[in-house]
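To start, the structure under review is shown below, and the notes come after it.
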């Protein structure tokens with residue numbers, strides 16, 4: 001028998017310390033509801049669960065982003081709904097003006113209303129906004145391509161008396177349907193052209209447009225989308241049988257080796273995922289009167305002064321209605337897509353949350369069983385420690 005080192009007591013004390021530590025750990029887990037309260041509880045599980053937590057919060061925020069995007073689309077669509085109503089009234093005016101039973105006074109009254117309605121379309125396009133972002137003025141129509149390269153253009157004329165030189169700065173606006181040709185120098189041009197044909201010929205196909213307008217030293221060509229961007233193309237712009245030149249006259253402007261440049265316009269980007277790059281680009285075309293074709297390049301509203309002009313205005317308004325309808329259909333499709341996106345994000349967030357819970361949350365029933373076991377062992381260890389401390393007292397019996 002030895003008295004300097006009571007090995008039984010030391011062993012019991014060590015076991016009691018282990019039991020107390022386990023009991024304390026169980027109490028912490030039961031009080032927090034988490035299996036992992038610190039990295040030491042499960043280092044790998046903590047790392048995985050933190051990634052999942054980031055994913056969950058990202059999915060929830062992406063869902064809110066999608067809801068905000070729907071609100072923005074609804075705002076834009078509301079503006080276009082009113083534009084549609086205005087266009088229907090403009091068509092009604094054009095039909096009314098297409099009959100010769102109207103007097104000059106009647107036509108002037110119709111023209112005045114047409115002008116005011118056209119201005120209102122521009123006001124709607126310029127003021128419809130969401131969170132200070134203008135939606136219908138073309139700011140969100142997406143990037144378009146411009147042909148650049150001064151000094152690479154030729155102009156030729158057949159049987160004509162008009163001469164232009166040093167033409168440059170030709171741009172293509174893929175969404176606004178307007179091409180501007182600025183005449184840097186040459187003969188002064190003041191007569192407006194009201195008819196003509198413009199043809200774009202290249203390896204990309206042919207595009208035809210009409211409604212040429214010339215004012216001062218600026219030619220504006222109202223055309224359709226030129227949707228494909230490519231470098232070093234040869235494009236010809238041919239104006240034939242225009243009213244400002246003699247019959248048979250022709251103007252040819254050739255663009256050689258023009259470079260393609262992004263004009264910097266941006267579409268609205270909606271982050272609809274938890275990770276980088278998971279975005280939806282929302283492009284909204286310009287919906288002002290010029291862009292939809294109810295105002296000419298010189299800023300004039302549709303002309304109802306004659307039966308012929310009023311009849312032509314009906315077709316132009318029909319085209320404008322179709323453009324607005326197409327844009328509204330696109331916005332409606334985007335809204336429906338975002339609705340499904342929100343549903344999918346909610347499902348994904350729910351599934352990832354369940355996975356994170358399985359890793360991090362504690363099984364309360366199992367942990368309570370462990371706590372009870374450790375608590376009993378701790379009480380038993382305390383009792384056994386008391387017994388172990390009594391063992392050295394047996395030496396006293398030998399000394400008597």
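Just so it is clear, glycine is given a Cβ too, placed from its N, Cα and C backbone atoms.
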If I go by TrEMBL, the feature coiled coil sits on one of 16-43, 44-71, 72-99, 100-127. Which?
100-127
For the domain 'Flagellin C-terminal' (315-399), mean pLDDT (0 to 100):
91
Surrounding residues of the coiled coil (100-127) on its own chain - C-beta under 8 Å, 6+ positions past either end:
79, 82-83, 86-87, 89-90, 93-94, 134, 136-137, 286-289, 291-292, 294-295, 301-307, 313
Residues of the domain 'Flagellin N-terminal' (3-138) by DSSP state, where helix covers H, G and I:
108 helix, 5 strand, 23 coil
